[in-house]
Amino acid sequence: MTQDEMKKAAGWAALEYVPAGSIIGVGTGSTVNHFIDALATIKDQIKGAVSSSEASSARLKELGIPLFDLNEIEDFAVYVDGADEIDPSMAMIKGGGAALTREKIVAAVAQRFVCIVDGTKTVEVMGQFPLPVEVIPMAREYVARELTKLGGKPVYREGVVTDNGNHILDVHELSIIAPKKLETQINAIVGVVTNGLFAERGADVLLIGTPDGVKTRKC
Ligand SMILES: O=C[C@H](O)[C@H](O)[C@H](O)COP(=O)(O)O
């Protein structure tokens, strides 16, 4: 089974968590693209979607799923998104596709976070995947120096501008033994928009695509 087949299996399995008649929070990435395709097959049974990126909005629109502005919604039941790494406490690293800030905002409003991954994304301790940090462009070098003081090796993701017009630093070699503390510490650096640790708001349900079928973990 290829990695993409595992992503597809997890993406389609998430349909089970979509309540009829509701607005669905939609994340970003190759796994979510499978979920969007699945969602399109039941589009007549949902109200629509609130999206976490321009890329997902374009795909949702193309498949005829109505889009809602987050400012028009007080709350909604489910947010479905992928992850770059997820640990046993359901904390995640996200942002490999540079969509971390909007993802964190949409996830914050949702009642439930359903994370969809292929079997390569589950880890005991996070940090093998470099941690993405979205920064205001003029603060990039200052933030990089502060991240170095925290023990990381920040690398500027050249050529990438986020949907919010900002830059990304990918922080290598961080030891992520206390994800909630690190999430707060990095967010406190002036010039950081947000970082890709989703520990304060982790996943509630995890669907893992594996060669033996989709496995489920719940908080
Ligand atoms: O910014 C991108 C997101 O956080 C993605 O959800 C994450 O990178 C996982 O992406 P994929 O499903 O393509 O592996």
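Heads up, the Cβ atoms here are built off N, Cα and C, so glycines get one too.
Since the structure is predicted, the reported quantities are computational estimates derived from the model, not experimental observations.
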Per TrEMBL, Thr28, Gly29, Ser30, Thr31, Asp81, Gly82, Ala83, Asp84, Lys94, Gly95, Gly96, Gly97 bind substrate; matching candidate in Lys121, Lys149, Lys153:
Lys121
Does DSSP give Gly96 (substrate binding site) helix, strand or coil?
coil
Scan Thr28, Asp81, Lys94, Lys121 for binding-site residues whose C-beta lands under 6 Å from an atom of ligand 1 and note them, or write none.
Thr28, Asp81, Lys94
What count of other C-beta atoms do you get within 10 angstroms of the C-beta of Ala83 (substrate binding site), across all chains shown?
30
Cβ-based isolation winner (fewest other Cβ atoms within 10 Å) among the binding-site residues Lys94, Lys121:
Lys121
